[in-house]
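Each remark here refers to the structure printed beneath this line.
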């Protein structure tokens with residue numbers, strides 16, 4: 001009796017299994033759990049509850065049921081569905097937590113937040129779905145056009161063939177999925193995502209240029225680095241903080257004012273409770289009005305009590321601060337910033353004495369939390385890690401204290417030595433620029449912080465330009481910027497994966513392309529080591 005081969009038996013068994021299930025159930029299984037995932041899940045359940053083995057399908061039988069010719073497309077859809085469910089669940093959980101912390105929400109806000117959660121989750125899942133599909137499509141198209149059978153087409157259409165057969169085509173084509181960011185509601189979050197992608201693409205492009213030897217044989221000078229972004233960023237942010245606060249990050253404004261002792265005058269404990277005292281942001285608005293008034297001289301109420309007007313009308317509400325100011329003060333800005341001390345230099349020194357300890361405590365708490373996350377390195381070499389942590393805290397505290405104090409102190413310097421009409425409002429940018437030079441102290445190991453500040457400055461600068469009519473906002477411009485940035489990152493990851501620094505980012509790009517949670521540079525290094533070892537063995 002002739003037996004059928006095992007392959008035909010397996011195929012007949014798989015076909016019979018598929019026939020036993022209706023198409024809806026089979027597709028539901030395919031798009032829910034893959035065969036490998038089911039095998040791992042089955043092993044886990046059997047190890048915990050052996051009785052499950054009799055009831056659950058064996059992994060091979062499940063694999064035969066969900067077997068398909070389009071496994072790549074199915075896995076892509078499966079991943080996008082999981083991203084949608086995970087993102088929506090996370091947003092809903094955050095919404096519940098925020099409502100618990102902030103009670104009495106409105107029904108209209110709940111409906112709008114639910115719709116925005118759906119759109120944000122859909123945007124993420126669609127970007128992943130179409131990035132994988134487009135990347136695979138352009139890879140296959142490029143491979144088919146490079147075959148000898150496609151030579152007549154390449155001859156007839158040389159320019160189109162040159163574009164479609166480029167090694168950058170799959171990367172750039174897949175980046176068209178970035179246009180699905182437009183599904184996300186137009187909000188500050190979408191703008192922040194676009195600016196983040198743009199800044200990262202420029203950073204990776206710089207890394208690629210550096211790898212190709214942009215600095216020549218001598219290499220990059222020691223003083224060149226990302227800290228050079230801070231003077232321009234601080235200058236722009238300080239100018240926006242004073243004149244265009246709605247275009248300035250609110251949290252940063254509170255951070256600056258809370259760490260400006262000696263310059264921001266708070267309500268004294270002995271001041272009468274029935275009288276009003278200017279708020280901190282009223283003081284900043286008053287400084288903006290003083291700038292627009294071309295830095296008027298201070299008329300002391302103590303020396304000239306009979307004067308008709310001690311302050312201009314637009315800043316008369318600041319008189320509780322300036323009225324008892326020292327008679328030796330000659331500038332209105334100095335009377336507002338440090339009314340109790342006529343010496344600008346002494347105020348600057350007193351500021352450092354008061355601000356540095358509180359700032360150091362703030363960064364000690366932050367860096368201590370990060371140090372706990374890397375406790376293994378501390379256990380291996382505690383003294384070295386402790387010295388490194390203390391140096392980072394001191395450098396960052398000195399940078400923040402110096403930049404804020406210099407920004408305020410140079411305003412007094414300019415008011416004393418510059419003519420009233422010279423750079424009346426632009427001197428705020430110069431003050432921020434000089435304050436940003438303190439970033440040189442913390443130039444090592446703070447690249448992410450400097451680039452984050454540059455992103456905030458770029459966002460603020462764009463909003464200021466739209467507000468003042470320097471340029472018009474482009475509808476969907478943030479979406480186009482995101483797609484272009486994604487194309488650049490994709491192209492760099494294709495040609496120079498080491499330029500895309502950060503193992504997590506490279507693994508994320510692998511997931512986005514459907515390659516899995518894999519670091520391409522690590523795999524390339526492992527392959528290089530294995531090939532070199534095999535060559536050495538052959539030589540031996």
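Every residue gets a Cβ built from N, Cα and C, even glycine.
On a predicted model such as this, the values are computed, not experimentally measured, just so you know.
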Per TrEMBL record, range annotated transmembrane segment [choices 327-349, 396-418, 465-487, 488-510]: 396-418
Of the ranges 272-290, 291-309, 424-442, the one TrEMBL annotates as transmembrane segment is 424-442
Long-range CB partners for the transmembrane segment (424-442) (under 8 A, at least six residues beyond its ends), listed in sequence order, are 223, 227-228, 230-239, 242-243, 291-292, 294-295, 395-396, 398-399, 402-408, 410-411, 414, 418, 449-450
